Amino acid sequence: MESGLPTNRNEGHGVPKDGSWFSQFRNVSNPWMARYVYAVIFLASNLLAWAVRDYGHNVFPEMEKLKNCRGGRGCLGAEGVLRVSLGCFAFFFVMFLSTARTPRMYICRDSWHSGWWSAKIALWIALTMIAFLVPTFIVQLYGEIAHFGAGVFLLVQLVSVISFITWLNDCCQSDMISEKCRMHVVSLATAAYVICIVGIIMMYIWYAPEPSCLRNIFFITWTLVLIQLMISVALHPKVNAGILTPGLMGLYVVFICWCAIRSEPAGENCIRKAEESNRTDWLTIISFVIALLAIVIATFSTGIDSQCFQFRKKEEPAEDAVPYGYGFFHFVFATGAMYFAMLLIGWNTHHTIKKWTIDVGWTSTWVRIVNEWLAVCVYLWMLLAPVIRLRFRQTSEAA
């Protein structure tokens, strides 16, 4: 029955000893390699959106002649970012519809996900070009929907991060390796708490130098309170989650708080060196490039983490099961397309943003702050949910 399949199930998806990377790309369906190709396509869309926003009038002067561009206003700047994002979203949404619930390898949908690159690259280019031909009202409607889609991406991302942190903690607390990892866990947790404290102090120095900086003082102080709350709940005898997860979550929320304050518009007296923000220097460019790469890496790492969203009892995977959820992977990249659009326009479709800046504006700041608070709520719920379920079960049995 299976004479047409390779004798080794992993043979078709492994790295052949005598084949080059390009030969795999051209001839072989390899889902692990396919992830990187999709990431490159996503990065190319990010770079194109940035070029249209910052240098569209110089690099793409022909766009100003298009009927829907209205002299460039409808295809460049913030609306140009939305059009590139729309094309990227359409591509990954088509891939989501065509690969969702792929059960196993060596079938048509698996081959479509992992191969046919010439056709898919042509499809991505065509959808991106079509996005510049659609009427302006469709792009504006997409911009409103993208707010919601970007929020979904942030929610999926924080659940993925928290799941990874709890998984790491469970591995370190398992009976087999708990003794071996004890010193490593203590060292890692101690380093996390030290970095959190140093980060809080530095944010007070950099972003709250005067007592009048009430907003930043509130953001930083409330972050400190949330860290203390997570530590108290995690170390409660009924929860007993250990010292590692609250430390790593503390790093995460401190980082989000720092990003939120950094997103405040230039010219605020509470942000040091604000007077230098009107010029573009090498540090601004490096920060922009790092932020752009961080979007791609975050989307890539979240896209392959479909396991944390499986609410059913996990079963032993079949021998020819797909290595990760193809549909979920493309869904994350589709919402990631909306997310990078919101970052490049500051979450405001009518917002004019400076060159070489990303995720700047009061809307961006509050999105980050709410994301921080939501991350703490999700983490606390993951800690308390088992205790609440146990208490409810005991009450039901006693009744």
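Every residue, even glycine, has its Cβ placed from backbone N, Cα and C.
Among the features that TrEMBL reports, transmembrane segment is placed at 36-53 (among others). Long-range contacts of the transmembrane segment (36-53) within the same chain, counting only residues at least 6 positions beyond its ends with a Cβ under 8 Å from a Cβ of the stretch, are 25, 59-60, 75-78, 80-81, 83-85, 87-88, 91-92, 117, 121, 124, 128, 292-293, 295-296, 299-300, 329-330, 333, 336-337, 340-341, 344-345, 353.
As annotated by TrEMBL, transmembrane segment applies to 80-100 (among others). For the transmembrane segment (80-100), same-chain residues at least 6 beyond its ends with a Cβ under 8 Å from one of its own Cβ atoms are 38, 41-42, 45, 48-49, 52-53, 56, 63, 109, 112-113, 120, 123-124, 127-132, 134, 139-140, 142-143, 146, 149, 326-327, 330-331, 333-334, 336-338, 340-341, 344-345, 349.
What TrEMBL records for 121-142 (among others) is transmembrane segment.
TrEMBL lists 148-169 (among others) with the feature transmembrane segment.
According to TrEMBL, the feature transmembrane segment maps to 181-205 (among others).
What TrEMBL records for 217-236 (among others) is transmembrane segment. Tertiary proximity for the transmembrane segment (217-236) is limited to same-chain residues at least six positions away from its ends with a CB under 8 Å from its CB atoms, namely 196, 200, 203-204, 207-208, 211, 242-243, 245-246, 249-250, 253-254, 257, 260-261, 369, 372-373, 376, 379-380, 383-384.
Summarising the annotation, TrEMBL assigns transmembrane segment to 243-263 (among others).
Here TrEMBL flags 283-304 (among others) as transmembrane segment.
The annotation transmembrane segment is assigned in TrEMBL to 324-345 (among others). Long-range contacts of the transmembrane segment (324-345) within the same chain: residues 31, 35, 38, 42, 45-46, 49-50, 53, 78, 81-82, 84-85, 88-89, 92-93, 95-96, 99-102, 109-110, 113, 143, 145-147, 149-150, 152-154, 156, 291, 295, 298-299, 302-304, 306, 309, 351, 353, 358-359, 364, 367, each at least 6 residues beyond the stretch ends and with a Cβ under 8 Å from a Cβ of the stretch.
Among residues of the same chain six or more beyond the transmembrane segment (365-384), those with a C-beta under 8 A of the stretch's C-beta atoms are 151, 154-155, 158-159, 161-162, 166, 219, 223, 226, 229-230, 233-234, 239, 241, 245, 249, 252-253, 256-257, 259-261, 263-264, 342, 347, 359. If you look up TrEMBL, you'll see 365-384 (among others) marked as transmembrane segment.
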